[in-house]
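The next block holds one structure in the form of structure tokens; read it before the comments.
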Ligand SMILES: NC(=O)C1=CN([C@@H]2O[C@H](COP(=O)(O)OP(=O)(O)OC[C@H]3O[C@@H](n4cnc5c(N)ncnc54)[C@H](O)[C@@H]3O)[C@@H](O)[C@H]2O)C=CC1
Ligand SMILES: O=P(O)(O)OC[C@H]1O[C@](O)(CO)[C@@H](O)[C@@H]1O
């Protein structure tokens, strides 16, 4: 099996690339970070340090790497059996043109073997969005061929992989938690499902995407935002602060009540899922800065993402949402000189005021009372 993985970062090396390599795929990483590409291409192996329960060191061998905008990438797409990505939601549109060129070459070479593309990003049905970008970059007469031969498979991906510490001897090595979950939509594959241990399939993907994004990511983001407000540096420190833990757990429960209503999850099992997530945030062996988890607050505050979508769900089912509102107010309070979205958000708040900013950023035009509630909590947080 020939595999190309776009994005040789934390989740690429520490999770998806590792599973592909374990499945004996002939694996090539494609990335824009030339020093990283050079080092991977030269060294061809790296180490995954699994920390927490069942700690162990695992080796990934015989990988190669190319620049993702190179002619090599186009040629490899033309020959691949599976393509995966972990580049970040905002980058999917940027790799679409290379994917399109690769698919055109594949068609022109007469390669009609089925091939599947799986975006492994924190977003709802990211691969379906990538598909639209790819189709836009291809001539209309090839769209039918793409529909017939290329599977665009949505997925949910869950493993906490912070950037390695500067003290690492080898910058290619990654440190990951023991827990991992990669769930793909079985209904979207072309050809046989590839055999990759650690990749689970379901015909009910939306339930799993929302369960992950609106529990782990909701709680994680709120931990980061409240953590920064309280002066904590890491996720572990923040979640061990009882006042923060109460709000985070409360928000995951509020979001969970929506998921239980929407998808019929078992309430006891969902409560256990939340408890497990809280222990994952506490992992003493992972150094995870609140700035990594809180990054790109405008994306995280957008209407389909981990804060506002659960809040909308509580409105839909008439459920409580005070903890989610605190999390959203804390997200608006997030500041980082290194994060362009945090800077843009601070400017919007300064120039337009909190109510207008919340309305626009979160798409809450139809909810003036809720916007006023968020604004009040935000203003109270600034006075502390
Ligand atoms: N790190 C984690 O714990 C998890 C991350 N995710 C998701 O995985 C995705 C990647 O996250 P991380 O690995 O943490 O980020 P990262 O920043 O460590 O890795 C992203 C990689 O993509 C590369 N990249 C950027 N533009 C590119 C392009 N045009 N072509 C090819 N490569 C390009 C970057 O150079 C970088 O190596 C995100 O969507 C994130 O939400 C999902 C679950 C867990
Ligand atoms: O990668 P994003 O969407 O910026 O958000 C960070 C989140 O992603 C993760 O890295 C993995 O799910 C979490 O640790 C965190 O909730």
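For all residues, glycine too, the Cβ spot is worked out from N, Cα and C.
Bear in mind that TrEMBL entries carry predicted annotations, made automatically and left uncurated.
Some features that TrEMBL has for this protein:
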- 1-197: domain 'Mannitol dehydrogenase N-terminal' (DOMAIN)
- 3, 4, 5, 6, 7, 8, 9, 10, 11, 12, 13, 14: NAD(+) binding site (BINDING)
- 204-381: domain 'Mannitol dehydrogenase C-terminal' (DOMAIN)
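Structural mapping of features recorded in TrEMBL.
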| residue | record | Cβ neighbours (10 Å) |
| --- | --- | --- |
| 3 | NAD(+) binding site | 25 |
| 5 | NAD(+) binding site | 30 |
| 7 | NAD(+) binding site | 26 |
| 9 | NAD(+) binding site | 18 |
| 11 | NAD(+) binding site | 28 |
| 13 | NAD(+) binding site | 29 |
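Proximity to ligand 1 at the level of Cβ atoms, with a cut-off under 6 angstroms, picks out 9 from the binding-site residues 3, 5, 9. Residue 11 (NAD(+) binding site) falls within a helical segment according to DSSP.
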